């Protein structure tokens, strides 16, 4: 008995030492020559700082193993069985990342359709547009839930798949939220569209913030699946009864106001749960993150996204951001998506976060134009900076994906024998 206890104790000590070593702080190393560079000094400097991973980060990302705890009520009740049945109909040659990309494109298509009919989120779209948005969200949910199952089915699981999945989810947040705003006509509520997007984006970021601290993605009883079904039901009700259904008074308040308040309260409750995990369950030394850094620092990129846009929206003396609210929140969503993608990459590669990102040039330009009364038309500048932030996000995603594919010797949208070695 004494020997057994001694071995058990030694085993726990060794495991603890390995954990400390795995989650120890490692300063970011300098870049070496990379095939991803294009050969122009200033462009390469931009890529190295903004888009590329170091060799050590790539090696740690290669070691990453996906870990999640799913207690979602609907998932356990019926959705997992449905998704497991659906995946059997996919051809074996279909790459999992292709499924993810199709889901993103479907979401983008539905939001563009409703944006055409509801440019300020105060108009009424044809009934079929709301039904299309509900169907699109269902397709997106199904593809998003089955891409990982397809990867395991064909032996093509890899860290790239997880990154691509969550990266597309981060971009989709603003699309799904906008469809909700169109259904509820939140453009008629002061700051309603912007507040709804802040709620959705903050909660998604906080979920991955907790993952960066614990190394494990955790789903609550009421989580993504339940929220998506709630949105689908809302869109279908709007298609049947029209958006005026949400103007019905309940206890002296419009139904849309009560829904927005309930969403805010639910977000606070969910966020408090994530924050409790962040402050108590860090796996690094002294409760730090997987990179051995402070669990508080990830709030800085989130504030760097939200605060400037709040200042821009509130400072404007004109109605330009209400008239172009869709464009404004699409830009906001792109900046938030890049910040979230950086957080996901930092978690998977166990690396520290950096505060500055070149995508912030977009909101900074809008702020400088306002606060220093530079005579540049706000509409024109908003359109230009929106193009800029989406180019910045796209370049980041393309170069990160290419670099990981080159490092692992795999293809993003093609199933090969090499993919099967990354299980």
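Using the three backbone atoms N, Cα and C, a Cβ is placed for every residue, glycine included.
In TrEMBL, annotation is done automatically, which means it is predicted and not curated.
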Practice problem: Examine the ranges 144-161, 162-179, 324-341 and name the one recorded by TrEMBL as transmembrane segment. | Solution: 324-341
Self-check item: Feature transmembrane segment in TrEMBL, mapped to one of the ranges 127-143, 348-364
Solution: 127-143
Quiz prompt | Candidate ranges 67-86, 227-246 [criterion: TrEMBL lists as transmembrane segment] | solution = 227-246
Practice problem: Take a look at 127-143, 291-312, 324-341 and tell me which one has the most Cβ pairs under 8 Å to the transmembrane segment (87-115). | Solution: 127-143
Exercise. Could you tell me what the rest of the chain brings near the transmembrane segment (291-312), counting residues at least six beyond its ends with Cβ under 8 Å?
Key: 23-26, 194, 198, 201-202, 205-206, 209, 212-213, 278-279, 282, 284-285, 321, 328, 332, 335-336, 339, 342-343, 346, 350-353, 355, 357, 360, 363-364, 366-367, 370
